[in-house]
Amino acid sequence: MNRSRYQKVILFFGREPVLLTVYGLITLLASIQQYLLTPTSVAGSEQLYTHYNNYVIFKNSFFHLLANQNLYTYYLAEQWDLYKYSPTFALLMAPLAWLPNWLGLFLWNALNTLVLFFGIKHLPRLSRETTVKLRWFVLIELLTSIQNSQSNGLILGMLIWSFIFLERGRLIWATLLMLGSVFIKIFGVVAFMLFLLYPRKPVAMAYTLVWTLILLLLPLVVITGPQLLAQYQNWWVMLQADHSSSLGYSVMGWLSTWFSAEPPKLLVVGLGAMLLLVPLVRLSLYADYGYRLLLLASVLIWVVIFNHKAESPTFIIAMGGVAIWYFTRTATAMDRVLVLLAFVFTSLSPTDVFPAGLRQSLVEPYVFKGVFCIAIWGRLTYELLTRDRKPTRPELTPV
């Protein structure tokens, strides 16, 4: 009886309408919580800021662009912290910028949620059971991201959709979505390595060039050419200054806190890039869908753990990679231990169910938020280098 009841519960929470409702409710409640929390000061400032400050930054960027103000300087009377995305993203915030904050905030969070939800659902050749597991696994990490009104759920969703369109041979949409992620956060450019796995590379390059020009020049609908050039110059200056400002929950942060080692960031990223690219020498495996899926997982983890600005809400992207790695293949005992540790220290550590004392004394100072994602990426890289061509799971069925 108990087993039967357990199976009914599993079946109930595996239903698409139930899962979509859970995602929707969490998005709605997180948005309401953000909006209603009392504004607070930051770093001793007398100015009060909302708990959805990131959304305010995104919204204000559109009006700053419209007024030809420098997008990449501080506006402490309006918002805390800098705007760090492209001028094009500032323009694309226009539909939300005119809305009242309570509505714009919810729609922004809903965009992040739905693009990711349906992206995972439509990953090709996976059973419905597998896509359900993937979505439950990343849910808590998604909540952390939308509680900070961040764009990371959207970026993960866009990268997954780009992979989906690559699998479908729809290069025009694959290139647009991948470039779209780059115009939000530059590290998305790493995902372009996935195009090497597919035929019609000249066509992909042509689409990439056309979309790049369109997205670069899109802000010309509201500002002049010289004004746009100045914004890109300001963006470059900000990114250069930002590069040296922190280590985050990254490989660089792990090396610093665990081993008191601070090698040049470019050296660490360069070595990481070499390890990321080495599996591409196995040309005979390009036709193996499971191999391509694992390379997607590798990219998703890499862009976070080698990002010196990696902060807690960013890890929805890495945990998306962890989920794809774990649930789309046959897991070993070591895999189960690693994924459990990643779930506890990466997904649960920012939440109230995790002991605050342990979070403050262990997770934050010793970057445990990222440590097990780093370990999983290392194991995943080894697997990509040693994998044979046998199918890894019955869920990876032919189209």
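Glycine too: its Cβ is placed from the backbone N, Cα and C atoms.
Lifted from TrEMBL, the feature list:
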type	residues	note
TRANSMEM	12-32	transmembrane segment
TRANSMEM	102-124	transmembrane segment
TRANSMEM	136-165	transmembrane segment
TRANSMEM	171-197	transmembrane segment
TRANSMEM	209-229	transmembrane segment
TRANSMEM	266-283	transmembrane segment
TRANSMEM	290-306	transmembrane segment
TRANSMEM	312-328	transmembrane segment
Any residues 6+ beyond the ends of the transmembrane segment (136-165) with a Cβ under 8 Å from its own? 13, 19, 22-23, 26-27, 30-31, 33-34, 52-55, 58, 85, 105, 108-109, 111-120, 122-124, 171, 173-175, 177-178, 180-181, 184-185, 188, 191, 194, 292, 296, 299-300, 312-317, 319-320, 322-323, 326-327, 343, 346-348, 350-351
Can you tell me which recorded stretch out of 12-32, 209-229, 290-306 has the most Cβ pairs within less than 8 Å of the transmembrane segment (312-328)? 290-306
